[in-house]
Amino acid sequence: MASATSTPTIADGNSNKESVATSRSPHTHDLNFELPEEYEMINLIGQGAYGVVCAALHKPSGLKVAVKKIHPFNHPVFCLRTLREIKLLRHFRHENIISILDILPPPSYQELEDVYIVQELMETDLYRVIRSQPLSDDHCQYFTYQILRALKAMHSAGVVHRDLKPSNLLLNANCDLKVADFGLARSTTAQGGNPGFMTEYVATRWYRAPEIMLSFREYSKAIDLWSTGCILAEMLSARPLFPGKDYHSQITLILNILGTPTMDDFSRIKSARARKYIKSLPFTPKVSFKALFPQASPDAIDLLEKLLTFNPDKRITAEEALKHPYVAAYHDASDEPTASPMPPNLVDLYCNKEDLEIPVLKALIFREVNFR
């Protein structure tokens, strides 16, 4: 990936080896990584909702990798997320999207208990970096640019990530950023050409776009741009912009900054319940982003305004944002590739059939794991 300026680095980046991680300790049975002899486990680096990650050495190449061990067979939703992530990450070949290097096949269908996905080893994530050191404006620009570069590829393929947040943005000591965790991704267009309908739960609350909270019906690529705005704000201030404790507090926090929606924006809200709730709130004036982020540059403030626009129809797109002056030092139209369209049926993958029996889903996963 070319850049027009020298890139920032993360101080002591090699000292933090936790990448896809939380601070919880995994259960003992999760620590049993059954790796083929060409891999040597180095150490545990993280735990997620239904899997753990270890650093390992691929002995034939000498390459250090991350091995993600997923146990999806306790719930159909975990199976569907695993299938979706494998299909999507195999589709994308992009510098700012985490790639699958290999999937370790089980000896047989009967012995398929866990799924082992081999990925690039990243040293940390943006969540940890924000909380461990102040970020310069150069850091904020470069990370924002790389997020937008990944979104351009995803959105050109007709894919919405739907769960962008700092912990899903993996980093190395050179500040290379890769978007991870595609388990909640969806197609922007359902079969038949109609906009996709939102499922009830998408995205971690603090990064959810208002159209998700207020039931605008259709979801679009714009929800990822809202999340990007929340992430940029968090990088600039070292704290979340909208840390809502529940649905109502989340809406209140958003409106306390963006102000009461205009009539035009209000008309986009389809849910009668949501419209009634908004009407019940007192009028709130918009707060200046410059007042909220006094140290931020005018370009950073302007991009924030365009990303954190209430109405998704008026929100800046990834392709437009890449041309914004805030990321001009890195923008290179010839090095910001699109991706081939992803068939909607592969992205949405039984999204309305989450009552599928686990044996059926296990067979689909077995077929996907053994696909070469």
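Note: Cβ is positioned from N, Cα and C throughout, glycine not excepted.
Noted in Swiss-Prot for the protein shown:
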type	residues	note
ACT_SITE	Asp163	active site, proton acceptor
COMPBIAS	1-25	compositional bias 'Polar residues'
MOD_RES	Thr199	phosphothreonine
MOD_RES	Tyr201	phosphotyrosine
REGION	1-29	region 'Disordered'
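Take the CB of Asp163 (active site, proton acceptor) and look out to 10 A: across all protein chains shown you find 23 other CB atoms.
In this structure, the residue listed as 'active site, proton acceptor' belongs to neither helix nor strand by DSSP; it is coil.
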